[in-house]
Amino acid sequence: MSQTAIIIWIVVIIILLVLGGLGAYFFYSRYRHRKNIPPTPINPPSSITPIQPINPPSSITPIQPSGPPSGGNHPIPASCPAYQLVNNKAITLVPLPADTSNVKNAQDCQNLCTQNPDCYFYNYVGLFDGCSLMQGTVDNNVMTGFAIRGSEDGCPKWARYNTSIQGFNTGNPSNVESEEKCQQLCQQNSSCDWYTYDIGKKTCTLNKAIDFNTSTLGIKMPH
């Protein structure tokens, strides 16, 4: 090989080495640049709106009852009698404790019932001046209504108490959905002196007082 050819090859090799070095430097510089640039973080939203719970109303309005049946316990006008009197009728129950030794007539017996807040009705037997103050079995799930016969306009048609009173059963109608319906059934039955309606069991019982000569049944009108 001539000297000229050798020189040319040497120059070519030098040029290739220079180009290779420049290329290597170029790629190395890009690599360092990329490595030194921190990655761009994915920022969360400035504020996350939390899901608001659905709050219940501050107060729940209870279902209001429709009120007592017609002729219920309303304020009684002063012109209305304080008692419903039924002659020759009696209810046989265990009487309330009371001193009846001074009772001489039906009015005395009535006065004792008036003075006793637990007395709902009384029996006075004129044959031997017997006076019994009665209440029945108090039960908030039971409503007893006494029919007030011949009451004047504006005066109660029924005397209603949360008590159970046994009498002569004149009917046990089934599927009675309300006290008002039980009251209507008693009103339609001429033998019914009072009804007893069990609110929980939805049972209606129509009752009749016993016939008893010289006896007066006095039913206190609730205020």
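Including glycine, each Cβ sits where the backbone N, Cα and C put it.
As annotated by Swiss-Prot, compositional bias 'Low complexity' applies to 45-64.
Taken from Swiss-Prot, the feature disulfide bond covers CYS80-CYS155 (among others).
A sphere of 10 angstroms centred on the C-beta of CYS131 (disulfide bond) encloses 26 other C-beta atoms. In this structure, CYS131 (disulfide bond) is part of a beta strand by DSSP. Marked as disulfide bond by Swiss-Prot: CYS109-CYS131 (among others).
Residues within less than 8 Å, Cβ to Cβ, of CYS182 (disulfide bond) and separated from it by at least 6 positions along the same chain comprise GLY145, PRO173, VAL176, TYR195, TYR197, CYS204, LEU206. The feature disulfide bond is assigned by Swiss-Prot to CYS182-CYS204 (among others).
Looking at the domain 'PAN 1' (80-155) alone, the prediction's average pLDDT is 90. Here Swiss-Prot flags 80-155 as domain 'PAN 1'.
Secondary structure of the domain 'PAN 2' (159-223) per DSSP, as helix, strand and coil residue counts: 10 helix, 31 strand, 24 coil. What Swiss-Prot lists as domain 'PAN 2' is 159-223, and the listing cites sequence analysis.
Annotation comment: Swiss-Prot describes ASN162 (among others) as N-linked glycosylation site. Proximity of ASN162 (N-linked glycosylation site) to non-local residues of its own chain (separation of 6 or more, Cβ distance below 8 Å) is seen for VAL138, ASP139, ASN140, VAL142, MET143, THR144, given in sequence order.
For ASN189 (among others), the entry in Swiss-Prot reads N-linked glycosylation site, with the evidence type sequence analysis. Around the Cβ of ASN189 (N-linked glycosylation site), a 10 Å sphere holds 16 further Cβ atoms from the protein chains shown.
The N-linked glycosylation site annotation in Swiss-Prot covers ASN213 (among others) and is backed by sequence analysis.
The region 'Disordered' feature in Swiss-Prot is assigned to 39-73.
As annotated by Swiss-Prot, signal peptide applies to 1-23, with the evidence given as sequence analysis.
With respect to their backbone Cα atoms, ASN213 (N-linked glycosylation site) and CYS131 (disulfide bond) stand 14 Å from each other. For the recorded site, CYS80 (disulfide bond), the DSSP three-state label reads coil. Of all Cβ atoms in the protein chains displayed, 10 besides its own lie within 10 Å of the Cβ of ASN213 (N-linked glycosylation site). The number of other Cβ atoms within 10 Å of the Cβ belonging to CYS155 (disulfide bond), over all protein chains shown, comes to 17. In terms of C-alpha distance, the listed recorded positions CYS109, CYS131, ASN189 place ASN189 closest to CYS155 (disulfide bond). Cα separation, CYS109 (disulfide bond) to CYS80 (disulfide bond), rounded: 20 Å.
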